[in-house]
């Protein structure tokens, strides 16, 4: 009965590499890919090398001073403490507040506080070597605001802001950018965090910029995440058709085929 409408929609569909997509969703795709990329640089570098950071501030002994079993136990205990105090509560805060604060606000807030706490760890870095408890609290808060922030919203938003026929593709592109960021963060931090002194560098590595400067770089990465978050629209309380603009197409179509009322 509505074959004419179906034909019109078919003619108006646009592809991923079309000018229409670039006009409507190009900046959105740039926003979702860049924020996921930048988040994973900061998140994975911090997450995977917790042991090295804890050792650098003296909270854990050097590996050569522990047996393999003792090292596994100490590192697992430290990482579990971080997860219980920061990572897991952050997710539940997102679940509780995402429909009240919105995706945009939570993501922007998360990047902001991750930047604040990264800089707070990096600038007085040598102070934390004698105040391990304070460092641990600040470090936990970076993970809390990662999960009560972009580590949750970066995979929610791409599933909502793109047209249905391109939604999984754009989400996949955004996720792939995130994995690229994870690679950069993992390898980059490993090399960058090496000591600036040749005699303190791990065997097989060149000198780096040190843990302090590496944390400064991660703080700057989070600042960029805030900037690119401005490209991502708020989706709270809106239907998928409204977010993607598909309602506008339908309304325009309905107006085209409306019947004019003629007075009798």
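Heads up, the Cβ atoms here are built off N, Cα and C, so glycines get one too.
Looking at the stretches 56-78, 171-193, the one that TrEMBL records under the feature transmembrane segment is 171-193.
It is 81-98, from the ranges 27-44, 81-98, that TrEMBL records as transmembrane segment. For the transmembrane segment (214-232), the partner stretch with the highest count of Cβ pairs under 8 angstroms, out of 81-98, 104-123, 171-193, is 104-123.
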